[in-house]
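What TrEMBL says about this protein:
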{"type": "DOMAIN", "residues": "37-286", "note": "domain 'G-protein coupled receptors family 1 profile'"}
{"type": "TRANSMEM", "residues": "20-44", "note": "transmembrane segment"}
{"type": "TRANSMEM", "residues": "56-74", "note": "transmembrane segment"}
{"type": "TRANSMEM", "residues": "94-116", "note": "transmembrane segment"}
{"type": "TRANSMEM", "residues": "136-164", "note": "transmembrane segment"}
{"type": "TRANSMEM", "residues": "193-221", "note": "transmembrane segment"}
{"type": "TRANSMEM", "residues": "233-257", "note": "transmembrane segment"}
{"type": "TRANSMEM", "residues": "269-288", "note": "transmembrane segment"}
C-alpha cells in the first residue's frame with residue numbers, strides 16, 4: 001500500500017516487429033505442444049489401469065505442474081509479442097510471481113519424492129507396494145503441494161512488502177524474484193539473505209534426498225550380477241534423472257544467488273529452460289524411455 005508504483009512494464013524478448021511475430025509463432029507452437037503432451041499424459045495416467053501405481057501417480061502430478069508452469073508466464077509473453085501489451089498491474093505481478101514460485105517449489109519437492117520412489121523400487125522391489133502404498137503417496141503429494149504453497153507465501157510476502165517508488169521496468173518477460181527485487185527503493189539485503197537461506201535449506205534438503213536416493217540406486221545396480229537387471233534398473237531411473245538434471249540446473253542458476261548478479265539476457269535464456277522447454281520435454285523423455293507410458297499414450301491418442 002505504500003508503493004508509488006501501481007503497475008510494472010515487462011521488457012519483452014524483442015522490439016523488432018518481424019522478430020516479434022517469429023517469436024510469437026515459435027512460442028505459441030511450443031506452448032500448444034506442451035499443453036497437448038502433458039494433458040495427454042494426465043489423461044493416460046488417470047484412465048489407464050496399467051499406470052495406476054505410485055510411480056505414475058507422481059508422474060501425473062509432474063504433468064499437472066508442467067501444465068501450470070508455462071501457463072503462468074507464456075500467455076502474457078505472447079500478448080506482449082503480438083499486441084505489445086507489456087503492462088502488468090502490481091497485483092497481477094504479485095500473483096504471477098506467487099504462482100510461479102509455488103509451482104517451481106512444488107516441483108523441486110516432487111522430484112525428491114520421485115527419487116525416493118525409484119530408490120524403493122530398485123533397492124526394495126519385493127516390498128515396493130507395501131512401502132509405497134497409495135496412503136503414503138497421497139500424504140506425500142499433499143505435503144509437497146502444501147510445502148510449495150508455504151514457500152511461495154514466504155517469498156512473495158518478503159518481496160512485495162518492499163517499497164517500489166521509482167522504476168517499474170521489469171527486465172524479464174514475467175515477474176520474477178531477481179528483477180523485481182532490483183526495482184525496490186528499500187534496502188533489500190536482509191530480505192535477499194532470508195530468501196537465499198530459505199531457498200538454500202529447502203532446495204538443498206530436496207537435493208540431498210534426490211542425491212542420496214540415487215547413490216543407493218547406483219550401489220544397488222553395481223551389485224547386480226545380470227546385465228539385463230542393470231539395464232532395466234537404469235531404464236527405470238534414467239527418465240527421472242534426466243528431468244532432475246534439467247530442472248535443478250536451471251533453477252539453481254536462477255534463484256540460488258544474490259540479485260546483484262542478475263543478468264537480464266542470460267537469465268531470460270535460463271528461465272526458458274525450466275519455464276518453457278522442460279515442461280515440453282518431460283512427457284517426451286518419459287514416453288521415449290518407458291514402454292508402459294508409450295502404450296498408454298497410444299491408446300489415449302487412438303481413443304481421441
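Just so you know, glycine gets a Cβ as well, placed from its N, Cα and C.
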Residue numbers, six or more beyond the limits of the transmembrane segment (56-74), whose CB comes under 8 Å of its CB atoms: 27, 31, 34-35, 38-39, 41-42, 45-46, 96, 99-100, 103-104, 106-107, 110-111, 113-114, 117, 134, 137, 141, 144, 173-174, 243, 274-276, 278-279, 282-283, 286, 292-293
Annotated stretches the transmembrane segment (20-44) and the transmembrane segment (269-288) touching (3 or more Cβ pairs under 8 Å): yes
Per-residue pLDDT averaged over the domain 'G-protein coupled receptors family 1 profile' (37-286), given as an integer: 85
